[in-house]
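Scroll down for the structure; my scribbles are underneath it.
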Amino acid sequence: GGVEDVYGEDRATEEQFVTPWSFSVASGHSLLRDPRHNKGLAFSEAERDAHYLRGLLPPAIVSQEHQEKKIMHNLRQYTVPLQRYIAMMDLQERNERLFYKLLIDNVEELLPVVYTPVVGEACQKYGSIYRRPQGLYISLKDKGKVLEVLKNWPERSIQVIVVTDGERILGLGDLGCQGMGIPVGKLSLYTALGGVRPSACLPITIDVGTNNQTLLDDEYYIGLKQRRATGEEYHELLQEFMNAVKQNYGEKVLVQFEDFANHNAFDLLAKYSKSHLVFNDDIQGTASVVLAGLLAALKVIGGGLADQTYLFLGAGEAGTGIAELIALEMSKHTDLPLDDCRKKIWLVDSKGLLVESRKESLQHFKKPFAHEHEPLTTLLEAVQSLKPTVLIGTSGVGKTFTQEVVEAMASFNEKPVIFSLSNPTSHSECTAEEAYTWTKGTAVFASGSPFDPVEYEGKTYVPGQSNNAYVFPGFGLGVVISGAIRVHDDMLLAASEALAEQVSQENFDKGLIFPPFTNIRKISANIAA
C-alpha cells in the first residue's frame, strides 16, 4: 500500500545498479590499456610509482609536445590518405588525450583526415579496416531490447549522440552498417572543435539492412545481410530507439541525425523535434553555415538579405533547408511575413524551375518555394530570366555551373555571389578557379570542399569553405550548456550571426567570407555563448 514512489525518493538510498564489469581505479597494466587515462611515455616518475607502472614502460620520459611532434612526423610519411585515417583511429584507441591534442593543434591538416573527404573512403572500406568496435550498433535483431543495448554502453552521462542509418553517406550512397565512420568522426570534432567531453559522446549506427548489392555480396561486410527495412518496421525501431534514449539519458541529450536519406530525414526531424532535442546537420547545420557565409558576403557586396534574389540548383535536404533559413532570417530583420520572404528565393531541381504549375507533383518540402512563373527547364534559362544576385549549388552534380551560367551571373552583377556546395571536390558545381576566371575576379565565392588559393591577373584569391564543422560543434556545446530541451530556429539564426561576426576585415581583403579554421575553438565558444 502507501503512496506510489513517483520520484524515486525512497529508492534513492538503495544500491544503484552498476554494470558488473566496471571497476573504479585503473592502475598498472590495465591503465596502459585504457585510452582515456593512458599517457604512454609521458607519465612522470611520481605517477609511475603511484600507478604501479615501474618496469612496464621504458625509462625515458617524453613530454606530450614531443609525442605530438613524433606522431605528426609519422603521419606525414604516409602517402595514402586512408593510412593516415587508420593511424589516427589507432591513436584514438590508444591515447585519447594525445589524439585530441593532435587534432586541435593541427586542425587544418587533420580535419580532412578524420572527416570528409577521407572518412568517406574509410566508410566504403570499413569492413576490411575494422579493428575494434567504436560506438553502438543497434540492428533489427535488437527490436524490443533497445534500452538494454543502450545500458551496455559503459558511460552513464551522455550529452551528445550522433546517429545514422547509413542510407546516404556523404555523396556515396547506401553504405549500411559501414556508415559508423561518420558518427565517430563527427563526435571527435565535437570534442576537438567544441570542447565536449569525449566520454559524453556516443556514436550510434542503426542497421536496418542495406540496398547496396556490392555490400550484400561482400564476405567481409559487418552488418545485416538483407534489404533495407522500410515503412512501419523501420519507424517502429526508430520510435523505440528515441524513447529508449530519453528514458536512459533524460530530456537534455542532443540527438544529431546524420546522413539519413532525404525522405526519412525530413520526416524524422518533423516528428521528433516536438518531443526530443534533435538536430539534423544535413538540413539545419548546412543551412546555418551557408547563411553565415551570406551574411558575411553582404558586407562585401552591400545591401541587406531582403535586397537580393536567390537561385538554388538542387532542392533536396540542403537546398530547401538553406532556403528556409534565409527566409526566416529575412523575416526576422524586415518584419515581412515569411511567405513574402520565400518569394525572393527560387529553386531549380532535376526537372527545372519550381513553379506554381508543378505544385501538385512536388514533394512537401519543395512546395513553399514554387512561385508564379512560366516553366523553365534549364539553369541557364532560370539565371537569364530571374537575374539572381546569389547563386547556390546543392545539387550533388559536378560541373553544373557552366561558363555560360557564371558569365551570365557576372554580366548583371557587379560582384556575383557564387556558392558551389556539393561534396566531395569532384561533385562541386564549379571550381574556385573557374568562378574567379569566368567572372574576371569579381565573384564572391565559397565551396563545400576545400580549394587552393587562385592566382588571377596578379591577384591571389582565397576561396572560403562552407564547412559544417564551423557550426555544429559550437551549436552542440551551446545546446548542452544551456540545458535546452528543444532546438529552435532562433538558435540556428544566432549561430549564423555569431559566425558571420568572426570574419575580420583582413579576411575580406583576401576574398574570404569565412574565418580561418585555426581559431575554430574560439569561434565555437562564441557560437555556444
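Yeah, the Cβs are placed from backbone N, Cα and C, and that goes for glycine too.
Source: prediction; values computed, not measured.
Copied from TrEMBL, the annotated features are:
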- 92-273: domain 'Malic enzyme N-terminal' (DOMAIN)
- Tyr115: active site, proton donor (ACT_SITE)
- Arg168, Asn423, Asn467: (S)-malate binding site (BINDING)
- Lys186: active site, proton acceptor (ACT_SITE)
- Glu258, Asp259, Asp282: divalent metal cation binding site (BINDING)
- 283-529: domain 'Malic enzyme NAD-binding' (DOMAIN)
Q. Which whole number is the mean pLDDT over the domain 'Malic enzyme N-terminal' (92-273)?
A. 94
Q.
Using a 10 Å cut-off on Cβ-Cβ distances across all protein chains shown, tell me which of the binding-site residues (Asn423, Asn467) has the largest neighbour count.
A. Asn467
Q) When you tally the Cβ atoms that lie within 10 Å of each candidate's Cβ, which of the recorded positions (Tyr115, Glu258) has the highest tally? A) Glu258
(Q) Please report the distance from the Cα of Lys186 (active site, proton acceptor) to the Cα of Glu258 (divalent metal cation binding site), rounded to the nearest angstrom. (A) 9
Q. In sequence order, which same-chain residues at least six apart have a C-beta under 8 angstroms from Asp259 (divalent metal cation binding site)?
A. Thr164, Asp165, Gly166, Glu167, Arg168, Ile169, Leu170, Gly179, Ile182, Asp282
Q) Residues near the divalent metal cation site, Glu258, Asp259, Asp282 excluded, by Cβ within 8 Å of the Cβ center? A) Thr164, Arg168, Ile169, Ile182, Phe257, Phe260, Ala265, Asn280, Asp281
Q.
Which one is it: of the recorded positions Arg168, Lys186, which Cβ has the fewest other Cβ atoms within 10 Å in this structure?
A. Arg168
Q. Cα-Cα separation of the residue listed as 'active site, proton donor' and Asn467 ((S)-malate binding site), in Å?
A. 11
